[in-house]
Amino acid sequence: MDRLQTALLVVLVLLAVALQATEAGPYGANMEDSVCCRDYVRYRLPLRVVKHFYWTSDSCPRPGVVLLTFRDKEICADPRVPWVKMILNKLSQ
């Protein structure tokens with residue numbers, strides 16, 4: 001029984017890590033005007049969950065786009081990745 005519980009715990013921890021989203025947030029010297037992405041989401045988001053997007057500040061050290069979901073989560077994504085480009089194109093139409 002202990003092995004089953006341990007295996008279940010390991011699976012749940014791995015699932016939590018895999019589903020972890022990188023949320024957008026301000027950081028840096030001028031936190032009021034800049035939103036930067038420290039990291040990008042590691043999994044593909046389906047278009048149906050994204051309602052809006054906005055670009056991160058030009059003062060950020062790396063390019064980023066923040067995808068706003070229908071559940072009002074702000075998720076950082078790499079604008080150079082093909083699936084992100086597709087979402088940006090669809091939402092810009």
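Including glycine, each Cβ sits where the backbone N, Cα and C put it.
Here is what Swiss-Prot says about this protein:
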DISULFID  Cys36-Cys60  disulfide bond
DISULFID  Cys37-Cys76  disulfide bond
SIGNAL    1-24  signal peptide
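Structure coloured by features recorded in Swiss-Prot.
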residue : record         : CB count, 10 Å
Cys36   : disulfide bond : 20
Cys37   : disulfide bond : 26
Cys60   : disulfide bond : 16
Cys76   : disulfide bond : 22
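On the backbone, the CA of Cys37 (disulfide bond) and the CA of Cys60 (disulfide bond) stand 8 Å apart. Residue pair Cys60 (disulfide bond) / Cys76 (disulfide bond) shows a Cα separation of 13 Å.
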